[in-house]
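These come from Swiss-Prot:
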- Gly623, Pro624, Asn625, Met626, Ala627, Gly628, Lys629, Ser630: ATP binding site (BINDING)
Amino acid sequence: MSSALQTPMMRQYLEIKAQHPESILFFRMGDFYEMFLDDALVASRILDITLTSRNKNSADEIPFCGVPFHSAQPYIARLVEAGYRVAVCEQIEDPKQTKGLVKRDVVKVVTPALVTESESLTPDENSFLLALCSSGQRWGCAWLDLSTGEFLTANSDNLAGAATLLASIAPRELLLPDQLRRDLPPELALVAGDRPRAAVADWVLDKDYCSKLICSQFGVASPEMLGLAVTELSEALLATGMVLHYLQENRHATLPHLRDLTIVRQNDHLALDPATRRNLELTATMTDNKKSGSLLGCLDRTATAMGARTLKQWLSYPLVQVAPIRRRLEAVEELKENPALQDQLREQLKGVHDLERLNGRVSMAGAGGRDLRSLHDSLEQVPQIRLALTEATAPLLRDLTEELDPLQDIRSLINQAIAPAPPFSLREGGIIADGYHAELDELRAISREGKGYIARMEAQERDRTGISSLKIRYNKVFGYYIEVTKSNLSSVPDNYIRRQTIATGERYITEELKSYEEKVLGAEDRICELEYTLFQEVRERTAAQGGRVSRTASALASLDVLASLALVAQERDYCKPVVDDGDTLEIIEGRHPVVEAMNLGERFVPNDTRLDQEQHQLLMITGPNMAGKSTYMRQVALITLMAQVGSFVPASRATIGIADQIFTRVGAGDNLARGQSTFMVEMMETAHILRSATTKSLVVLDEIGRGTSTFDGLSIAWAVAEYLHDTNHCKARTLFATHYHELADLAATREGITNLTVAVKEWNDQVIFLRTIIPGAASHSYGIQVARLAGMPRNVIERAKEVLKTLEEGEFEQGSPRLSKSSIAPPRKETAQFTLFEQQGDLLRERLKKLNISVMTPLEALNLLDELKKMA
């Protein structure tokens, strides 16, 4: 090891770095965080800061770089965003009171999900850490947003359920046991994508150890007191313990705002697998993963960041119990029908900051004076909101109003203790309000008076000495001093004590000046210490009431969501759906919420839908591409989901029989990374639907079988439709769109299947898609007309018409379609078979011309082929 690394400071650095080899170490050195060696090389490149070195131009050069400690957060955020962990190492002793090397230690490790500073968080999104573990078939999940204190856990009976949870939570960081991290199942890896993955040692998955962590954090005697049954929810218990262990390793501090653990039972919510969430674009679009253009973007008119996050959670976890859905609908209805109340509520909510995250920072001792002031200003809105809701009649509105705690004691404390416009840094001074503490007020008076005395002394000394340029100044090295220029040195009095020679003159002190310096500086030092102590006391007293703040924040967030849904319903003429436990799903004049809201320059054509377990169990939808089949099917799924969220829906009337699951299969891309083609993905997703769907499910299938040959695809689509209709455990309410027109024949043999098609008008060799869903089956696909609309070259369109005409008329030469304009038939061989064909050629040709292939069933085609073979 080089001698440069043998200094006491560098030895200390290397010891601490060895404990955090996977992190970039921010090593506190006075007013800077410094990075050394490889960390410096990485950080300087990513942060675009100067890389320098200790022992420059020697064989023992040590690369290093640094950032100011008071502005380190943006730099930490950039490193975390780039995929690095950052270990923050602080001086844990006061350098002024320490001889020799200052003690240092890591106080926290910042990872993607352990960021709590507001600048590094997306306001309208949770920042979840999700832990996953398994024991055989069962999986445990626990997820925590450290910035808000939301902590949830769940068990899943299978891998598909774990993938569904992962998709719905969309964590910023995954936490896995070592073995699972090395061998993550493909189903989870696909959903996890490129999210950062942290690991805990496999030994952490010990029930006794995890139970101890849980009991310690939540102050209970056993996990069962939180509802975590050791047998029934053992995997959830282990996942929860993983999260707490990870926090213990990386935060090095108590987390009092983690007060509650919510157990999520999957049968309490509408199940939406990853493919369905993606296909319905619930919270982000498929094309660019943006909120705009998604259902969330369409419905989000919330006034607070808390409300925006809560709306996203509601959309991710729709309800399946009628009573709570109706409570939400009644609340939305009252706010919709009372615009004055809605406006007043929204106006007050605009004055509410992110209470959940403010409360988190206060509890973790990370809040500054401005945070406490923001907390105060937010709580100031609560009495007005309670007053506005006094006359509310909807049970949910009344219950939420009761949850609103004005926290008058905390508001008064902050208002009295914290200055109206506190500085950013706690050490700048001026954070405590005048009049709050008698000793502090006295010290401030001394400081102000002392500074005034210094100013008066400067004027007096100028008069006494006749030196008009004499100045009294201050720096940290010499304290207060008198500065005299060279030209006036002959006028310096005898009582001046010289302290320093500078280029422009001399610096002096006097006994009187030093006496006042001690008084003033002593007061200022004491002011800083006292202010910091008082602020900590105020912050701790506020943190002690964090539970009350948390409940109020949750109620405000729910009110914000209800007001947002009411506003959207009012502006877009949505109706209140009737939600029940029946099997009927009936939508009158339904519209697609997102497509309608985007207002693409044309009126959205509404359509009716009826699904039940009798004559309308499976709707077989045929029709041309671009006619609106996919939009129609998605809108039915979205309207169902919106109703179960508790939202009004885009229709003139709707009755929604609760769905336990929604499945969609509406297209896939090649998954080359897993060696799976479009068709393989399509078949896997369809198989999952057939295994999982129940009579209470809603299934949306679009163009099953299109990824393989025509006969294979038709056969698979036919069998899937029969299975969904005939299999008792899987008789799901189904929308089945297909380009195989032969499937329309199923309606003749199965009473639960109804044929629907999209109305089309042909005019002057043009096709007009009317977007209206009508009873019946399509006879044409209008593919060439769609190609024309897509801008295909004219000569390609004309040639396609010729080929289509040839195929439809069944014109054959030598037993093959005559597709080549200039083809010349090869010489015919004289065989008995040829002679036989020639003798019956006219009869066969006439028979083939009359065929209408587009309406033949597979069985009819096979029978005809057998007949023609016998004729030949």
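Glycine is no exception: its Cβ is also placed from the backbone N, Cα and C atoms.
In the three-state DSSP reading, Gly623 (ATP binding site) counts as coil. It is Gly623 that, of the binding-site residues Gly623, Pro624, Gly628, has its Cβ surrounded by the most other Cβ atoms within 10 Å. In the three-state DSSP assignment, the secondary structure recorded for Gly628 (ATP binding site) is coil.
Taking the Cβ of Ser630 (ATP binding site) as reference, residues of its chain lying under 8 Å away and at least six apart in sequence are, in sequence order, Val666, Asp702, Ala737. Annotation for Lys629 (ATP binding site): spatial neighbours Ile621, Gly623, Asp702, Ala737, Val758, criterion Cβ-Cβ under 8 Å with sequence separation of six or more.
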